[in-house]
Amino acid sequence: MQCHAQLSATFYDNTCPNALNTIRTSIRQAVSRERRMAASLIRLHFHDCFVQGCDASILLNETTSIESEKTALPNLGSVRGYGVIDDAKAELEKICPEVVSCADILAVAARDASAAVGGPSWTVKLGRRDSTSASKTVAETDLPNPFDSLDRLISGFANKGLSTRDMVALSGAHTIGQAQCFLFRDRIYGNGTDIDAGFGSTRRRQCPQEGENGNLAPLDLVTPNQLDNNYFKNLIDKKGLLQSDQVLFSGGSTDSIVSEYSNSPRAFSSDFAAAMIKMGDISPLTGQNGIIRKVCGSVN
């Protein structure tokens, strides 16, 4: 199980009192330039925490001694937002050099991104330090993939100390953002009984059976730029874009949670916030473990 070190919401109150405002300004600007960036920043934090814990290992570039997680299959060509984190870090380095970790910036950015697109806000616990290593191998084994079965999703999250309910709530982040054609092609051409026919034909227009792999489709057709509970309503209507979305409502143990969230925006909102806090607690480096990187992409 995960060890939950002592993180604290007041960690920077004395050393960098303007840290949180500085990050928020950066994130708001980025999301106002491109709404989709909110989804990308939440995903960046998630893809960081599932590999070695929330230690900003995902931000490290390839070197002779570091095999970058950026090149792992779940990240390559799809994870975005590195520049937004770099910009926030640069602003922080101006006001309090070598104080705020990149891992904490990722955690705060995810919260600010949620709030910027109408989702919940929460109090972020702080005090994570940055890793000096990355793990492409773990990124390729531990990150969930769009073809995962329900059992595999449940066990993958359980391995990180997250409950089935946490998993369903966190999947609700797919109420924003987009996915590439090759990740949902099998679903829309597979003649499955778990996909709405009209939805399937709409999606086939932009995603041919061959080629155009990178064509994007919104994960939530209804309100693609709003963090709300529409994602769960879509699942009940058999309009989940990815197989790993639709398995959450397909006659299995999570159907009741999906139904609850589809009926209660408030339940989803509070569970999403709680699950994000729990995810941010996965194996952080604290105290003398880890470093504070000056630039997020490299070890000092």
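Glycine is treated like the rest: Cβ placed from N, Cα and C.
Copied over from TrEMBL:
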BINDING   Asp48, Val51, Gly53, Asp55, Ser57, Glu69  Ca(2+) 1 binding site
BINDING   Pro144  substrate binding site
BINDING   His174  heme b binding site
BINDING   Thr175, Asp220, Thr223, Asp228  Ca(2+) 2 binding site
DISULFID  Cys16-Cys96  disulfide bond
DISULFID  Cys49-Cys54  disulfide bond
DISULFID  Cys102-Cys296  disulfide bond
DISULFID  Cys181-Cys207  disulfide bond
SITE      Arg43  site 'Transition state stabilizer'
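Feature map: TrEMBL annotations on the structure.
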residue: Asp48; record: Ca(2+) 1 binding site; CB count, 10 Å: 30
residue: Cys49; record: disulfide bond; CB count, 10 Å: 30
residue: Val51; record: Ca(2+) 1 binding site; CB count, 10 Å: 26
residue: Asp55; record: Ca(2+) 1 binding site; CB count, 10 Å: 28
residue: Ser57; record: Ca(2+) 1 binding site; CB count, 10 Å: 27
residue: Glu69; record: Ca(2+) 1 binding site; CB count, 10 Å: 27
residue: Cys102; record: disulfide bond; CB count, 10 Å: 30
residue: Thr223; record: Ca(2+) 2 binding site; CB count, 10 Å: 16
residue: Asp228; record: Ca(2+) 2 binding site; CB count, 10 Å: 19
residue: Cys296; record: disulfide bond; CB count, 10 Å: 22
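Comparing C-alpha positions, Thr175 (Ca(2+) 2 binding site) sits nearest to Pro144 among the recorded positions Cys49, Val51, Glu69, Pro144. Taking every protein chain shown into account, Gly53, Pro144 are the binding-site residues, and of these the Cβ with the most other Cβ atoms within 10 Å belongs to Gly53. Residues near Cys54 (disulfide bond) in space but far in sequence (CB under 8 A, at least 6 apart, same chain), listed by position: His45, Asp48, Ala103, Leu106, Ala107, Arg128, Met279, Gly280, Asp281, Ile282, Ser283, Pro284. Counting only residues at least six positions away in the same chain, the Cβ atoms of Gln206, Cys207, Pro208, Glu212, Asn213, Gly214, Asn215, Leu216, Ala217 sit under 8 Å from the Cβ of Cys181 (disulfide bond). Cα distances from Cys296 (disulfide bond) to the recorded positions Cys49, Gly53, Asp55, His174, Asp228 are smallest for Asp55. Proximity to Gly53 (Ca(2+) 1 binding site), defined by a C-alpha to C-alpha distance within 10 angstroms, is shown by none of the recorded positions Cys16, Cys96, Pro144, Asp220, Thr223. In the structure shown, across all protein chains, Cys207 is the one of the disulfide-bonded residues Cys16, Cys207 with the greatest number of other Cβ atoms within 10 Å.
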